[in-house]
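Student: Structure incoming, see below.
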Amino acid sequence: MFISSMNPVKKNNSGGILSRIQFPEDIRMLDIGDLTLLASDIRSAIIETVSRTGGHLASSLGTVELTLAVHKVFDTPKDRVIWDVGHQAYAHKLITGRRDVFSTLRQKGGISGFPKREESPYDVFNVGHSSTSISAASGIAEARDLKKERFKVVAIIGDGSMTAGLAFEGLNWSGDRKKDLVIILNDNEMSISPNVGALSSYLNHIMTGQTANKIRKDIRNFLKTIPSIGEQVLEFSRRAEESLKALIVPGALFEDLGFTYVGPLEGHRLDHLIRNLEDVRNMEGPVLVHVITRKGKGYKFAEAEPLRFHGICPFSPETGKPAAASESPVPPSYTQVFGNTIVKLARQNPRLVAITAAMCEGTGLNAFAEEFPERFFDVGIAEQHSVTFAAGLATEGILPVVAIYSSFLQRAYDQILHDVCLQNLPVVFALDRAGFVGEDGPTHHGLFDLSYLRSIPNMVVMAPKDENELQHMLHTAVACGKPAAVRYPRGSGVGVTMDSQPFSLELGKGEVLCEGGSLAILAVGDPVHPALTAAVQLREEGIYATVVNARFVKPLDRELLLRIVRSFKKILTVEENVLTGGFGSAILEFLEENDIHGIQVKRLGIRDEFAEQATQAEQRRLYGIDEQGIAAAVRSMMNMGRSSQMEACL
């Protein structure tokens with residue numbers, strides 16, 4: 001839906017210049033003084049909203065001036081602006097028609113935390129994963145020329161995203177094609193000293209100004225008319241210009257790829273940015289603009305701890321501390337349990353190493369990295385490389401554990417298949433954020449891993465019912481000597497007692513948690529405990545369910561399944577994964593392979609659609625995989641019939 005179809009809600013500001021801004025054409029009338037005040041208003045609105053909703057704060061605070069400069073100089077939405085990842089796009093949303101609904105950021109039915117084409121014509125390309133902007137922008141530029149239209153295409157990409165192979169593939173292609181394309185590299189890891197910044201700014205303004213470009217073009221045309229000597233002088237002048245610039249700015253790589261390099265530019269000086277972008281707008285061919293920004297700019301807590309404020313839960317704007325939580329003790333998160341367990345396993349096995357793709361803290365590997373720095377590898381945003389790197393380690397007897405978010409592992413499917421499983425290498429995949437992730441929405445849900453992993457030969461796929469079982473599954477994965485994946489959800493554990501040491505489970509064996517005679521509920525992973533709760537509710541209605549914790553999606557516990565199908569004619573499967581190709585599909589395939597008929601199977605999971613943003617609880621309720629949904633599905637299957645069988649809960 002376009003934003004105009006949404007109902008306005010309370011504004012984020014009580015006044016100020018932001019209250020007068022709806023669309024980019026409004027900011028094009030402002031002078032530098034007013035733009036500076038607007039930047040302050042925008043930062044206040046972002047901090048106020050994210051403190052309540054959570055979100056990606058530091059990146060968005062760091063790109064406020066850059067956002068204003070881009071929209072002031074370029075004729076958006078006619079000119080296309082593509083944001084990479086989208087973490088930095090909150091200011092963009094505030095000045096492109098979404099100011100009055102910004103308070104709904106990342107909420108159910110509200111605006112997305114990422115650019116979304118369905119939301120606004122200013123959002124040119126849907127994003128959420130990194131490093132896609134350059135390839136997308138090059139495609140848009142090609143389409144523009146095929147249609148013989150005239151508009152500028154601008155991709156804005158962070159320095160972290162530049163570590164991915166996809167970004168370099170896009171650079172290589174677009175530099176070779178020589179289409180009109182502007183890539184803005186938002187570099188928030190470097191700082192510029194005043195002298196270098198001033199000299200670089202002056203040199204770049206001269207080299208990119210319209211007058212300089214016209215003189216350069218006229219001289220080149222004249223020299224080309226002089227046989228032999230003209231071409232030599234032209235080549236010498238080009239090299240001299242590049243050599244002078246290379247002494248001052250780090251743009252040689254981009255120049256070699258076919259781009260005109262501009263920068264580095266100070267990313268928080270609006271006059272400086274606007275002047276240079278105006279020059280860039282009038283240039284032809286591929287241009288890379290290098291802009292230096294500071295993550296968390298304007299909010300002291302985010303400037304001091306940009307990593308903690310990258311993606312943050314609700315917090316107090318006054319103190320920067322997390323919002324007050326319940327005084328009751330909170331179970332450890334699955335991420336924490338993984339981090340603690342992998343350290344224990346590494347102490348026992350000197351061959352074990354850990355790999356992450358720019359998510360050391362997010363995946364819980366901080367303690368491992370500190371205790372075993374020589375056995376810890378952060379490869380940057382390079383998921384494909386991380387998997388094949390792990391495969392290479394495994395061929396030499398090293399035991400790699402790749403810790404990665406479920407949705408990001410999708411980017412390395414071929415590497416899992418071709419480089420790990422085809423060789424049957426013992427690589428362990430620890431898949432954090434499997435299932436619903438909540439407010440980050442469809443780009444970040446981990447709802448496909450059971451389906452795409454169980455389709456690969458040699459792969460073992462596990463999902464724990466709680467945090468204690470997670471540590472045992474990690475031990476199992478490390479010890480099994482095969483490619484193995486353990487997927488676990490975002491958030492806190494169930495609150496069960498933790499065993500002091502992890503141990504291996506029997507490979508491919510599930511467990512019966514609760515026995516009854518009415519029907520069988522086969523659950524895997526996080527839905528196991530809701531299934532148990534539903535069984536308790538149903539007992540009061542005279543429906544007695546057997547609840548099975550499958551543990552393994554691959555291999556299945558064939559012995560247990562044969563016992564189930566001999567005892568029940570009704571089976572309900574529950575998973576936090578898409579139904580297509582998932583755990584329920586594996587059960588149906590088992591029945592077909594064993595020529596078993598007359599069994600009614602109902603599958604609960606995610607329909608053939610992309611799940612939208614909401615809280616995890618809201619999402620589970622929507623798809624019927626919470627205790628109420630499971631109980632309702634059982635009642636439907638039983639037609640509210642009553643069983644005379646008694647239940648024995650273990």
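Glycine residues also receive a Cβ, built from the backbone N, Cα and C atoms like all the rest.
Quick paste of what Swiss-Prot says about this protein:
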BINDING   His87, Gly128, His129, Ser130, Gly160, Ser161, Asn188, Tyr299, Glu383  thiamine diphosphate binding site
BINDING   Asp159, Asn188  Mg(2+) binding site
Student: May I ask for the distance between His129 (thiamine diphosphate binding site) and Asp159 (Mg(2+) binding site), taken between their Cα atoms and rounded to an integer number of Å?
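Tutor: Distance (Cα to Cα, whole Å): 14 Å.
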Student: Cα within 10 Å of Asp159 (Mg(2+) binding site): which of the binding-site residues His87, Asn188, Glu383 qualify?
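Tutor: Asn188, listed in sequence order.
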Student: Is Glu383 (thiamine diphosphate binding site) helix, strand or coil when read with DSSP?
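Tutor: SS state of Glu383 (thiamine diphosphate binding site) = helix.
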Student: Sequence gap of 6 or more, Cβ distance under 8 Å: name the residues on the same chain that satisfy this around His87 (thiamine diphosphate binding site), in order along the sequence.
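Tutor: Non-local contacts for His87 (thiamine diphosphate binding site): His56, Ser59, Ser60, Phe114, Gly158, His310, Gly311.
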Student: Using all protein chains shown, find which of the binding-site residues Asp159, Glu383 scores highest when you count other CB atoms within 10 A of its CB.
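Tutor: For the binding-site residues Asp159, Glu383, the Cβ with the most other Cβ atoms within 10 Å is Glu383.
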Student: Measure the Cβ-based neighbour count of His129 (thiamine diphosphate binding site), defined as the other Cβ atoms within 10 Å of its Cβ.
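Tutor: Around His129 (thiamine diphosphate binding site), other Cβ atoms within 10 Å: 21.
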Student: Please classify the secondary structure at Gly160 (thiamine diphosphate binding site) using three-state DSSP.
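Tutor: Its secondary structure by DSSP: coil.
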Student: Please report the number of other Cβ atoms within 10 Å of the Cβ of Asn188 (thiamine diphosphate binding site).
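Tutor: For Asn188 (thiamine diphosphate binding site), the 10 Å Cβ neighbour count is 22.
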Student: Validating a neighbour-count step here. Other CB atoms within 10 A of the CB of Gly160 (thiamine diphosphate binding site): how many?
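Tutor: Excluding its own Cβ, the number within 10 Å is 21.
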Student: Among His87, Gly128, His129, Ser130, Gly160, Ser161, Asn188, Tyr299, Glu383, recorded thiamine diphosphate binders, what is the largest CA to CA distance in Å?
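Tutor: The thiamine diphosphate-binding residues span at most 32 Å between Cα atoms.
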